[in-house]
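Annotation comment: TrEMBL describes 97 as active site, proton donor. Among the features that TrEMBL reports, 5-amino-6-(D-ribitylamino)uracil binding site is placed at 31, 65, 66, 67, 89, 90, 91, 122. Here TrEMBL flags 94, 95, 136 as (2S)-2-hydroxy-3-oxobutyl phosphate binding site.
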Ligand code: DLZ
């Protein structure tokens, strides 16, 4: 008998443990701040929906997405922080900056998570233009910050 496919919200709520006493670090890149602030708002709203109080969240800014790995490491190494969410937006430009930054931050964030054995979440948009970014930062395609927070919560429920 065919099994009905679950929708995304069913997957999102499945197997989630109580994270209200867990502590989260959020690193926000200042480049494209209109977008990254919206990502932050999405992430914090989702943490609150899951019972995480403000005092259990530490926010730090870094200049650009390239710095997210090191900023994430500063937070991941703290024993009082259980998971780190890295938020950035790298917009495709005419230079090769895009490829270098995206590749560096993806590898860097992966390494930090493995080094500290903690969830370090890649909440970085890589759109072609600002409209695509805004569409994914609280616009018609949802909010990647929300997804990043759910991902952190799910990894803490592992
Ligand atoms: C330099 C640069 C460029 C061109 N574009 C972006 C971007 O779209 N998004 C972003 O987060 N950061 C950008 N940066 C800045 C780099 O991430 C970094 O801060 C600088 O190269 C200094 O290391």
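A Cβ is built for glycine as well, from the same backbone N, Cα and C atoms used for every other residue.
Proximity to ligand 1 (Cβ under 6 Å from any of its atoms) holds for these recorded positions out of 65, 90, 97, 122, 136: 65, 90, 97. With residue 31 (5-amino-6-(D-ribitylamino)uracil binding site) as the anchor, the candidate recorded positions are 95, 97, 136, and the one with the nearest CA is 97. If you compare every pair of Cα atoms in 31, 65, 66, 67, 89, 90, 91, 122, the residues listed for 5-amino-6-(D-ribitylamino)uracil, the longest distance is 16 angstrom.
Here the binding-site residues are 65, 95, and the one with the most other Cβ atoms within 10 Å of its Cβ is 65. Residue 136 ((2S)-2-hydroxy-3-oxobutyl phosphate binding site) and residue 65 (5-amino-6-(D-ribitylamino)uracil binding site) are 17 Å apart (CA-CA, integer value).
Around residue 136 ((2S)-2-hydroxy-3-oxobutyl phosphate binding site), a 10 Å sphere centred on its CB holds 23 further CB atoms from the protein chains shown.
Between residue 91 (5-amino-6-(D-ribitylamino)uracil binding site) and the residue listed as 'active site, proton donor', the C-alpha separation comes to 9 Å. Distance between Cα atoms for residue 89 (5-amino-6-(D-ribitylamino)uracil binding site) and residue 95 ((2S)-2-hydroxy-3-oxobutyl phosphate binding site): 16 Å, as a whole number. According to DSSP, residue 136 ((2S)-2-hydroxy-3-oxobutyl phosphate binding site) is assigned to coil rather than to any helix or strand. It is 14 Å from the Cα atom of residue 97 (active site, proton donor) to that of residue 67 (5-amino-6-(D-ribitylamino)uracil binding site). Comparing CA positions across the binding-site residues 66, 67, 122, the one lying closest to residue 95 ((2S)-2-hydroxy-3-oxobutyl phosphate binding site) turns out to be 66.
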